[in-house]
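As recorded in Swiss-Prot:
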CROSSLNK  LYS113  SUMO2 cross-link
MOD_RES   THR180  phosphothreonine
REGION    279-319  region 'Autoinhibitory domain'
REGION    299-320  region 'Calmodulin-binding'
REGION    360-385  region 'Disordered'
COMPBIAS  375-385  compositional bias 'Polar residues'
Amino acid sequence: MARENGESSSSWKKQAEDIKKIFEFKETLGTGAFSEVVLAEEKATGKLFAVKCIPKKALKGKESSIENEIAVLRKIKHENIVALEDIYESPNHLYLVMQLVSGGELFDRIVEKGFYTEKDASTLIRQVLDAVYYLHRMGIVHRDLKPENLLYYSQDEESKIMISDFGLSKMEGKGDVMSTACGTPGYVAPEVLAQKPYSKAVDCWSIGVIAYILLCGYPPFYDENDSKLFEQILKAEYEFDSPYWDDISDSAKDFIRNLMEKDPNKRYTCEQAARHPWIAGDTALNKNIHESVSAQIRKNFAKSKWRQAFNATAVVRHMRKLHLGSSLDSSNASVSSSLSLASQKDCLAPSTLCSFISSSSGVSGVGAERRPRPTTVTAVHSGSK
């Protein structure tokens, strides 16, 4: 399933009267407001993919935008980004054939670990920075980076992390200024909530939020009332609460401060962040913080709340059932793959189906983290230098 550049949409959108003549649908991985994602085996090769099935009636009036954005996604090729492999069209459906992920979700892996350190978090963030830097060089802004969109490539202990879900991604330039309020509450940058024009810096803010969560297990901004939550984000005031941050290095906190900087012009870029000692040096500590972080993840990101349309563990379950286990990683054909098109709103195209933040009822994209704020505070940061 080669992806080539310079093609018209008609040449890369393959016609299929009956998709099931090409793929054998194995199992439903998830459903959303506009689509269904299924585990599918390509009959000609035996390769496994995740196929997102979108009824054309859901696309009505949005065809042009969707085609433009799919064309953008087809240009992306990076080892830490889930790939769009192919596109089929039938009289009634559009089918997006995605790389299939088999390693499960980020939070699951952290909770299941017996040992987890700052160094582990630093390694994760380094991979995210590398992938997002690639996107930014391509002129693409993801706009919905969050832990739920970070998946493991395989079951392997040293598996790389993959960025998924480009439902809200957007190309910079071409004369248009990004100003649509979209993303997931709790991870969006202040300038997005302020409805100001914004840039790729919004992704860097989100990476800072993710790094924060990876080091303590709860989000930097929390309130059961969305308006108050947005107020906190707009002010960029967050805390390094005791006792949760007592064993975290000053270098890690400095790294987060530079990404969660209120002023996007002063905020670290991906390139700057990748050069920070916490990423590029030896300042990330090797002390085991698993007990504290995993306990907070269990408390604040309950599976039933933060898992949305795509259930990555269904892939693992199905593979085990088919006894594909060890052959997956060694096979050059079948499943060296990964997926997730599951965004909170199951968005289909960046410019057409952005979820307006003001209408969201969830907190931080996980339904609601019902975490009481710790009463002892070791440090408060205003998000502005």
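Here the Cβ of each residue, glycine as well, is placed from N, Cα and C on the backbone.
In the predicted model, the region 'Calmodulin-binding' (299-320) shows an average pLDDT of 51. All chains included, 15 other C-beta atoms sit within 10 angstroms of the C-beta of the residue listed as 'SUMO2 cross-link'.
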